[in-house]
Amino acid sequence: MSSYVGVVVSDPWLHSQFTQVELRTLKSKFNSNKTLLDRFTVGDLPPVFAKLNAFSGTFDEDEIKSVLDKSYSNTTDQEVDFETFLRAYLSVQARGVEKSGGSKAFSSSFLKTSTTTVHHAINESEKSSYVSHVNSYLRDDPFLKSYLPIDPATNSFFDLVKDGVLLCKLINLAVPGTIDERAINTKKILNPWERNENLTLGLNSAKAIGCTVVNIGTQDIAEGRPYLVLGLISQIIKDAEELMGLAPEKVLLKWMNFHLKKAGYEKQVTNFSSDVKDGEAYAYLLNALAPEHSTHLALETKDPTERAKKVLEQAEKMDCKRYLSPKDIVDGSANLNLAFVAQIFQHRNGLTDDSSKSTSFAEMMTDDVETSREERCFRLWINSLGTATYVNNVFEDLRNGWVLLEVLDKVSPGSVNWKHANKPPIKMPFKKVENCNEVIKIGKELRFSLVNVAGNDIVQGNKKLLLAFLWQLMRYTMLQLLKNLRSHSEGKEITDADILNWANRKVKRVGRTSQAESFRDKNLSSGIFFLELLTAVETRVVNWSLVTSGETEEDKKLNATYIISVARKLGCSIFLLPEDIIEVNPKMMLILAASIMYWSLQQQSDTESNVSEDAADEGDANSACGEISNLSLDEEASESSPVVTTADEDKEEVNGDGENNNDA
């Protein structure tokens, strides 16, 4: 069963009380307060909890203090860790249920049955909204239309998710083109293997669009566990507005305020709950985006519910199908409001690619395409590691060095001396430089090639050097995973040459003819080599009737999208895009081959003997190291510029004749 790390609580019972969405929200709140205070204690909790949406309007600080005093009367000076924070939250929440007479009016994340077994409550409003979303947008889907519409009053929604098809379709609805639908098994009756393939494809693809998948495996979805299904689907629907790979909430807030300011709205929207519950911001936004449907009735209406109703009516005229109610807006339902704004953005974002227009896409997005692709890849990879800090933008969030230290500690446990680290928020620039100098120091200890690179380069936001460092970090992580599977090697490092030789031998062994000269081999753009490699590691995974010759650009793209989906369907966690294969991005070619190799070796019952056999076929793979160089990352650097490469052996090549400088 595939599993992914998100916000994890060591106590299984405590972990079971929260959805992943709740855990991420509470973890973020906990981290921000712990950062702001020298010591975050039980005595600090009442004002923090009073500001949470779950308790707003139900408790004031004194009432929360009274509730906590019953459990923590003698320990108000006790420092709070995350588990204590969660337990205290549950204590206040339980009091809220009592206060409301046990009614559903109070938002509770759990219900107790007569046997006192604790289960997650299903937010019926959210469930109904997601069902409406599916019914509206997938009603014409060739496979799903016979199962739709779903009745939100039943559990049909959770039953339909079990075979993985709906999950894959929703991901493509959110971020079109993420999954090649030719890779989805869509028979009426699927065997367990086919069902598991669909679910694996869905989970890996959800991860690839930025969803945090916490301890969820294919079996969890196959069992249709409601709170896990809703938690995952809420993230997928929110990611519909993932603009060029940026964080959804921040981009939409930026986009919304961008238009509101132009429309004369004087307030700043900072969240999708309290700041939009009166409906005024929506009224201004819709009038600005769709002047042909403009009406002042919503703004003139004093009653918030009535105003919300008019806002939704206006949105429907823009073809935004309704999957939240006026009450959801007035109640400040953050998830549903975020999804609503994402839907407005998809239908009418008011931006254009035409630079001659006053409101251009470039006003909000300035990165070149290639840089944005790499930033997206590394950001998604970092977030998949389960670090405490969620990265929204690599170029901004990594400049203080803290996240890089977290990543280094994940991929090389014990490498970071946290006593030397400065925790955010960091106001003094030299403290950021200290963190980044520590990052460079550890990188050199891990044998990264960091010639003339200093911590200040990261602080200053040198994009090229930061991407180069992250590439070495990703490559190091992949090679260490492979090395750990080769325990017989007695410390022998895995090289790029080992991976290439392994891939070529695998393809050759099954009677296929493709061979790759290097990860820069332009013939890789056809996709045939990787499809043959996937067939070599799992004979039934590729449907060759769907494969093209890969000669035209269109055929290459068809093959590339199919490769990515088939690899994810197999179980590979990868973050590249079809363009990386078509353009033969050597860094991504290496990671793709290494990911397939890692999956293959994991499946072998006797890893050591199989790898030894591989090595014996062609002799020592090290003999090829001189012929197949590791990928250089900064070949375009001038003599005065810092040089960053993937391995120490590359220094001479980059600083010398500079022949290999076609891969920025």
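Backbone N, Cα and C atoms are what each Cβ position is placed from, and that goes for glycine too.
The annotation domain 'Calponin-homology (CH)' is assigned in TrEMBL to 124-241, 246-349, 372-478, 493-601. Summarising the annotation, TrEMBL assigns region 'Disordered' to 608-664. The compositional bias 'Acidic residues' annotation in TrEMBL covers 647-664.
DSSP assignment over the domain 'Calponin-homology (CH)' (493-601) gives 71 helix, 0 strand, 38 coil. Applying DSSP to the domain 'Calponin-homology (CH)' (372-478) sorts its residues as follows: 68 helix, 3 strand, 36 coil.
If you take every residue in the domain 'Calponin-homology (CH)' (493-601) and average the pLDDT, you get 96. With helix defined as DSSP H, G or I and strand as E or B, the domain 'Calponin-homology (CH)' (124-241) counts 75 helix, 0 strand, 43 coil.
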